[in-house]
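> Got a structure for you, written out below as structure tokens; questions coming shortly.
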Amino acid sequence: MAYVIAEPCVATCDTACVPVCPVDCIHGPLAADEISRIPEGERKTRLAGLQLYIDPESCICCGACENECPVGAIFDEDELPAEWQRYREINARFFDDRAKERAPEET
């Protein structure tokens, strides 16, 4: 099982969880340093619809990220609230799409 980032992260993208991950499995559409340069007052607008994601294939379930998340967005997959179950698939799809983008074109 892996950890999942859910709705409280959307448009927040707080990166406090990133440096505590021992396997570097937390990523997003923007790099953590890019996010940190966005002024706090502009984040909701500039990060609308964006969030961070945990790679379910790399996560070692140590829980370090869950304890560090200031918005309470990270859950053990088995403890994900019912209203946020869709985020399990959203997290996995982010990494599937990313792998497809990086795969060399077949000829």
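Just so it is clear, glycine is given a Cβ too, placed from its N, Cα and C backbone atoms.
Below, the features straight out of Swiss-Prot:
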- 1-31: domain '4Fe-4S ferredoxin-type 1' (DOMAIN)
- CYS9, CYS13, CYS17, CYS69: [4Fe-4S] cluster 1 binding site (BINDING)
- CYS21, CYS59, CYS62, CYS65: [4Fe-4S] cluster 2 binding site (BINDING)
- 50-79: domain '4Fe-4S ferredoxin-type 2' (DOMAIN)
> From the centroid of the CB atoms of CYS9, CYS13, CYS17, CYS69, the recorded [4Fe-4S] cluster 1 site, which same-chain residues not already listed sit within 8 A by their CB, in sequence order?
ILE5, PRO8, THR12, ASP14, THR15, ALA16, ILE26, GLN51, LEU52, CYS65, PRO70, VAL71, ALA73, ILE74
> Under a three-state reading of DSSP, tell me whether CYS21 ([4Fe-4S] cluster 2 binding site) is helix, strand or coil.
coil
> Hey, for the [4Fe-4S] cluster 2 site built from CYS21, CYS59, CYS62, CYS65, who else sits with CB inside 8 A of the CB center?
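Neighbours within 8 Å of the Cβ centroid, excluding CYS21, CYS59, CYS62, CYS65: TYR3, CYS17, VAL20, PRO22, VAL23, CYS25, ILE26, ILE54, ILE60, CYS61, GLY63, ALA64, GLU66.
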> Cβ under 8 Å, sequence separation of at least 6 from the ends of the domain '4Fe-4S ferredoxin-type 1' (1-31): give me the contacting residues as numbers and ranges.
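For the domain '4Fe-4S ferredoxin-type 1' (1-31), the far contacts come to 43-44, 47-78, 80-81, 84, 87-88, 91, 94-95, 98.
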> Out of the binding-site residues CYS59, CYS62, CYS65, give me the one sitting nearest to CYS17 ([4Fe-4S] cluster 1 binding site) by CA distance.
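Closest candidate to CYS17 ([4Fe-4S] cluster 1 binding site), judged by Cα separation, is CYS65.
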> May I ask which of the binding-site residues CYS9, CYS13, CYS69 is closest to CYS59 ([4Fe-4S] cluster 2 binding site) if we compare their C-alpha atoms?
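Ranked by Cα distance from CYS59 ([4Fe-4S] cluster 2 binding site), first place goes to CYS69.
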> Who sits close to CYS21 ([4Fe-4S] cluster 2 binding site): which same-chain residues at least 6 apart have their Cβ under 8 Å from its Cβ?
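Same-chain residues close to CYS21 ([4Fe-4S] cluster 2 binding site) (Cβ under 8 Å, separated by 6 or more) are ALA64, CYS65.
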> How many other Cβ atoms are found within 10 Å of the Cβ atom of CYS59 ([4Fe-4S] cluster 2 binding site), counting all protein chains shown?
20
> Fewest neighbouring Cβ atoms within 10 Å: which of the binding-site residues CYS9, CYS17, CYS62, CYS65?
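Lowest Cβ count within 10 Å among the binding-site residues (CYS9, CYS17, CYS62, CYS65) is CYS62.
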> Give me the long-range Cβ neighbours of CYS69 ([4Fe-4S] cluster 1 binding site): same chain, 6+ apart, Cβ under 8 Å, in sequence order.
CYS9, ASP14, ALA16, CYS17
